[in-house]
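Contents: one structure, followed by commentary.
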Amino acid sequence: MADKSDLNALSGRFRGFYPVVIDVETAGFNAKTDALLEVAAVTLKMDQDGWLQPDETLHFHVEPFEGAILEPAALAFNGIDPTNPLRGAVSEYDALHEIFKVVRKGIKDRGCNRAIIVAHNATFDHSFMAAAAERCSLKRNPFHPFATFDTAALSGLVLGQTVLAKACITAGIAFDSSQAHSALYDTNQTALLFCELVNRWKRLGGWPLALEESSLEDTSAED
């Protein structure tokens, strides 16, 4: 069985996965046709006692790709004006290239094998990240192609809430609804929420697992 220091490391906690919190703001629901307008990422780290906490934050306003659909209802919902020059928007390639570079370094520094997206209703964010990476021909995508950690599902289990604002408030995390639907704000709050869910499970005695070494070896042999 791994010693305590390994179980307190990020690589030991999530089976070699490096969790990165992602939130995207978009001009619709179709990842293939609708514009990615904003993306933020928060990397995570463990302290020496195995408590999860936010680490580095990245944030980009993104230029719509050529031919992208801009759904008026989506723009009204998130309040983004894609034509506003004050956004300081960058290309999809530049935004994802920088995020991927930081994530790959984190994977290496933390001794992990691959990154995994953490997001609220994660299928949505994962699909837009994957579609943008494909459009930009970014072949070294560090994120798992389909697995995610979904804080909506985890919050439903732990807190009885699935809406981000309600889950945060129930968990004792402040949430300013006037800042919601900003990728930067939502990512930061989702990161705090995920850390609280993971740390709460630890405080309740759910981690580390009380398994014998032989049981872990048997499971590893089956993988």
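Positions of Cβ are set from backbone N, Cα and C atoms, glycine also.
If you check Swiss-Prot, you get these features:
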type     : residues                     : note
DOMAIN   : 20-194                       : domain 'Exonuclease'
BINDING  : Asp23                        : Mg(2+) 1 binding site
BINDING  : Asp23, Glu25, His181, Asp186 : Mg(2+) 2 binding site
SITE     : Phe29                        : site 'Important for substrate binding and specificity'
SITE     : Phe77                        : site 'Important for substrate binding and specificity'
SITE     : Phe124                       : site 'Important for substrate binding and specificity'
SITE     : Phe146                       : site 'Important for substrate binding and specificity'
ACT_SITE : His181                       : active site, proton donor/acceptor
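For Glu25 (Mg(2+) 2 binding site), other Cβ atoms within 10 Å of its Cβ number 25. Excluding the listed site residues Asp23, Glu25, His181, Asp186, the same chain places Val24, Glu38, Ala40, Asn78, Ala180, Ser182, Ala183, Leu184, Tyr185, Thr187 with Cβ atoms within 8 Å of the centre of the Mg(2+) 2 site Cβ atoms. A strand conformation is recorded for the residue listed as 'Mg(2+) 1 binding site' in the three-state DSSP classification. Separation of the C-alpha atoms of Asp186 (Mg(2+) 2 binding site) and Asp23 (Mg(2+) 1 binding site): 7 Å, rounded to the nearest whole number. Cα to Cα, Phe124 (site 'Important for substrate binding and specificity') and His181 (Mg(2+) 2 binding site) are separated by 14 Å. With a cut-off of 8 Å between CB atoms and residues at least 6 apart in sequence, the same chain places Glu25, Phe77, Asn78, Gly79 near His181 (Mg(2+) 2 binding site), listed in sequence order. There are 25 other CB atoms within 10 A of the CB of Asp186 (Mg(2+) 2 binding site), with all protein chains counted.
Most Cβ neighbours within 10 Å, among the recorded sites Phe77, Phe124, Phe146: Phe124 holds that distinction in the structure as shown. Sequence-distant neighbours of Asp23 (Mg(2+) 1 binding site) (same chain, 6+ residues apart, CB-CB distance under 8 A): Val39, Ala40, Ala119, His120, Asp125, Ala183, Leu184, Asp186, Thr187, Thr190.
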